[in-house]
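Colleague: After the structure tokens below, expect a handful of questions from me.
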């Protein structure tokens with residue numbers, strides 16, 4: 001047990017979740033290493049949701065509310081860190097949850113499925129029982145998507161995603177929302193909208209914003225989206241990281 | 001097998017070594033996550049040994065050659081990534097190798113010991129058979145050191161170390177050489193000399209420098225050390241990272 005008073009409580013708690021998820025088969029080998037990369041960038045951003053990230057989260061909420069077929073794509077790290085928030089956000093939005101894994105095995109899919117179900121998830125797409133559609137430009141199984149899920153989705157939330165898949169989904173005409181702590185990554189640059197924040201802070205914040213904005217009329221929501229510029233927002237996040245490096249003495 | 005032509009060959013090879021080391025018990029849980037943090041900073045430094053790092057490596061070589069009792073402290077990550085270079089550097093310097101672990105168990109010590117022996121290591125200190133001395137200011141087992149090794153060492157190479165231990169060793173009057181990709185870390189700031197480089201590049205480079213400098217006279221070596229300023233060198237590494245962030249477009 002990590003004492004709540006520990007100055008790095010939240011970070012150690014996430015680390016614990018990641019290690020347990022690895023041991024229970026939710027995470028692939030690379031998932032634990034990827035978590036470490038995230039930690040480094042989170043450290044540079046100050047381990048808090050910046051105002052810049054909040055702007056991105058607000059625009060993301062607007063896009064998800066306006067969506068006809070919103071889908072939340074989940075992988076091992078997302079399941080490990082924020083399963084309850086995936087379930088909550090899907091509920092609030094009426095969005096679908098779809099499992100999509102880089103290192104896919106039937107066993108991992110089943111383990112993740114069960115983990116999300118235990119958190120109260122409704123229907124979960126992307127399981128082995130489905131007749132997948134294939135998205136061109138990606139090798140199987142990353143390019144295999146559920147016909148009822150990502151295949152016909154207009155807005156997709158892809159937390160902790162890889163650059164290749166983000167690019168292909170954007171080229172398919174989808175509005176892709178990424179959560180990525182590295183503003184220099186290809187995912188961050190190619191997504192329609194990138195939230196530069198730790199997923200453990202971004203997901204509950206996104207759910208709050210959706211709840212707050214869902215009574216607004218579509219024109220207001222559209223305006224929120226139109227006023228958002230992804231590259232400028234990424235540059236603002238980079239500036240914050242630069243400042244934290246410059247504070248060195 | 002990762003093909004040598006892969007653009008991320010070296011990074012993937014390291015990742016492979018880390019995963020295998022974790023599975024064989026050389027690495028603690030946190031070791032895999034720590035590797036990911038290193039990857040992020042390596043990315044920012046351009047995944048190469050910078051001229052700045054080379055200056056640090058040169059001064060480190062001088063300090064190690066001048067040392068009366070040089071010791072190389074090894075942990076799980078160092079063993080996983082560069083066991084052969086630890087052995088080679090110890091040989092060239094006539095330095096001692098000492099195992100020191102944050103999460104120490106007799107089994108991990110034994111596994112690391114065997115792994116280094118298989119690479120041709122001579123005597124390895126810090127095993128369970130020894131009557132440890134205790135260094136004040138650190139909890140056991142991190143503060144437990146070999147009486148023939150770190151306890152009487154004047155210069156210690158501590159790759160991939162934690163900040164607490166670095167600080168205490170410096171306070172004990174040791175000249176502590178750290179290898180750390182994060183110039184903002186407490187280890188980097190408190191070490192006597194910090195090499196901001198990936199250990200897989202820094203260790204062979206350090207051995208080359210030692211071979212090149214070992215015929216120099218002590219005055220010349222002393223001068224190399226005196227001309228080196230750790231904080232300025234860290235600032236130069238940070239500047240390189242800042243530039244790589246600024247190149248964003």
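Positions of Cβ are set from backbone N, Cα and C atoms, glycine also.
Computed from a predicted structure; not experimentally measured.
For reference, TrEMBL lists these features for the protein:
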type    : residues                                                    : note
BINDING : A:15, A:37, A:180, A:181, A:182, A:186, A:187, A:198, A:199 : ATP binding site
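Thinking about packing and proximity, how do these listed features fit into the structure?
Modeller: Shown in sequence order, A:161, A:162, A:163, A:166, A:178, A:180, A:194 are the residues of the chain, 6+ apart in sequence, with a C-beta less than 8 angstroms from the C-beta of residue A:187 (ATP binding site). Following the DSSP three-state reduction, the secondary structure of residue A:187 (ATP binding site) is helix.
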Colleague: Using a Cβ cut-off under 8 Å and a sequence separation of 6 or more, which residues in the same chain sit near residue A:15 (ATP binding site)?
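Modeller: Spatial neighbours, sequence-distant, of residue A:15 (ATP binding site): A:35, A:39.
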Colleague: Same chain only, sequence gap of 6 or more: which residues have a CB within under 8 Å of the CB of residue A:182 (ATP binding site)?
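Modeller: Correct list: A:37, A:38, A:41, A:188, A:196.
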Colleague: Would you list the binding-site residues among A:15, A:180, A:199 that come within less than 8 Å, Cβ to Cβ, of chain B, in the order they occur in the sequence, writing 'none' if nothing qualifies?
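Modeller: Only A:15 pass the 8 Å Cβ test.
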Colleague: Across the record's ATP-binding residues A:15, A:37, A:180, A:181, A:182, A:186, A:187, A:198, A:199, the largest CA-CA distance in angstrom?
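Modeller: In whole numbers, the farthest two Cα atoms are 25 Å apart.
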Colleague: Under a three-state reduction of DSSP output, how is residue A:182 (ATP binding site) classified: helix, strand, or coil?
Modeller: coil
